[in-house]
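Encoded as structure tokens, the structure appears first; notes follow it.
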Amino acid sequence: MDPLNPALRGVLVATLMLLVGVPPTFRLVVFPALERRGIDTTRANDTVLTVVGTALIGAAFTATAIAIGDVRPTDPGSFAAWASTTQPGMAWTGLVAVASMLGALTVTRYLRPRSVPRDHWLAAATVGALAMLVAFCATRYSVAIESSAVALIVKVGHMTGAGLWVGGLVVLAALPTLLPRSLDADDEPARVALAVVRRFSVVAVAGVTVAFATGVVIAAWHVPTPTALATTPYGLLLSAKVGLVLIAAAIGGFNRLIVHERIDRSVRETTDRTVLPGLLTIADPIVATDAVPTITRSVRVELAILLVATALSVVLTTAMTPSYELLGPTVAASGGVFGGVLLGFANLLKLGAVGIALTGSLALGYEVGKLGTAR
């Protein structure tokens, strides 16, 4: 394998996650939070155009670089034949074609904004990003199970959930650059931060739930035994990734339950410190003028951890042999008892995925309810 291949795949994955997460976060979180308060959205509009345009260019170029490195064509005709007759080639063609169409639409939105309404453009960017993600996953899903359709759906779901989470955090990390340089009231940035975090919590919980549940299913396919998590290179790297993701999720929960509530109490000037009655109280409220810096600092830490976890994912899928391949002969030679343990561990993980989905659904319902009462 070309040593540049993992790096290029990492860039491609990053651009796809941006495309999956950034447009819906602006559409559902940032613009409604600003417009409900009559705040100018010029800077936010310029930022989303720049980010989406750059990500489209990056995705098309890195996908092409990976394709050329894999195929090593001797002439344009051989590359064209590969692109039109093989599954990887057709996946590349689809990805680049969608990126080109979205790029043209983005340029039109930039040059003639009235001809392409913002919400229509963001919706098209979201749908197009999902189409590009499907093309990317079409040749990169797990082969550990017989059903390629199930493996593809789970892979797309996993990356979609992760993209909503990571892409959304990129937007929140840039929150200071999205606001006008001067606002009418001293506490207006704090109110905007509250609204953005509250709205993003709905998107984040949905993304995290899907990413976690599908990730556990993929782990059930690739890691045959509990000991494989500590005795195989794949298992060790997967364990490190899971640990980082759990830390990031804990920071996200801290931002939502603690930081958000401390800012909210400062804006409302209340002395009540109860977050969860009988379970959780908070420290002193955060001063309104410190709200945006506090949120962005914490979000950037969460984002940095997730970027490291994403890098580990790229290594897992490009340079590591799954544990089930390494331990396959051992499993076959060990007979029924070991096979029963294997089946039990896989079923336990799948049951855990169901539990994550149910818990996430409850959390999503809670966040939707909180958002409704806050309006």
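Glycine residues also receive a Cβ, built from the backbone N, Cα and C atoms like all the rest.
Look at TrEMBL and you will find 195-316 tagged as domain 'Copper resistance protein D'.
Long-range Cβ contacts of the transmembrane segment (12-34) within its own chain (Cβ-Cβ under 8 Å, at least 6 residues beyond either end) map to 40-41, 44, 48, 51-52, 55-56, 58-59, 62-63, 66, 118-119, 122-123, 125-126, 128-130, 132-133, 136, 159-160, 162-172, 178-179, 192, 195-196, 199-200, 202-203, 207, 307, 310, 313-314. What TrEMBL lists as transmembrane segment is 12-34 (among others).
Per TrEMBL, the feature transmembrane segment maps to 46-69 (among others). Beyond its flanks by at least six residues, the transmembrane segment (46-69) meets 2, 4-5, 8-9, 11-12, 14-16, 18-19, 22-23, 26, 30, 79, 82-83, 88-89, 92, 95-96, 99-100, 102-103, 106-107, 109-110, 122, 125, 132, 136, 170, 174, 177-178 of its own chain at Cβ-Cβ distances under 8 Å.
Sequence annotations record features per position, and here TrEMBL assigns transmembrane segment to 89-108 (among others). Under 8 Å from some Cβ of the transmembrane segment (89-108) lie the Cβ atoms of residues 49, 52-53, 56-57, 59-60, 63-64, 67, 71, 82-83, 115-116, 121, 124-125, 128-129, 131-132, 135-136, 138-139, all in the same chain and six or more residues away from its ends.
Feature annotation from TrEMBL assigns transmembrane segment to 120-142 (among others).
Under the heading transmembrane segment, TrEMBL lists 162-179 (among others).
For 200-222 (among others), the entry in TrEMBL reads transmembrane segment. Tertiary neighbourhood of the transmembrane segment (200-222): same-chain residues 21, 24-25, 28-29, 142, 144-145, 151, 154-155, 157-158, 160-165, 168-169, 171-172, 234, 238, 242, 245, 249, 252, 256, 322-324, 345-347, 349-350, 352-354, 356-357, 359-361, 363-364, 367-368, 370-371, selected by CB-CB distance under 8 Å and a gap of 6+ residues from either end.
Per TrEMBL, transmembrane segment is recorded for 234-258 (among others).
Taken from TrEMBL, the feature transmembrane segment covers 303-321 (among others).
Packing against the transmembrane segment (341-366) from elsewhere in the chain are residues 202, 205-206, 208-210, 212-214, 216-217, 219-221, 223-226, 331: each is 6 or more residues past its ends and has a CB under 8 Å from a CB in it. Among the features that TrEMBL reports, transmembrane segment is placed at 341-366 (among others).
Beyond its flanks by at least six residues, the transmembrane segment (162-179) meets 16-22, 24-26, 29-30, 34, 39, 43-44, 47, 51, 129, 133, 189, 192-193, 196-197, 200, 203-204, 206-208, 210-211, 292-293, 295-296, 299-300, 302-303, 306-307, 310 of its own chain at Cβ-Cβ distances under 8 Å. Note: the domain 'Copper resistance protein D' (195-316) comprises 97 helix, 5 strand, 20 coil (DSSP; helix = H, G, I, strand = E, B). If you look at the transmembrane segment (120-142), the same-chain residues 6 or more away from its ends with a CB under 8 A from one of its CBs are 12, 16, 19-20, 23-24, 26-27, 48, 52, 59, 63, 87-88, 91-92, 94-95, 98-99, 101-102, 105-106, 109, 148, 151-152, 154-156, 159-160, 163, 218, 221-222, 317.
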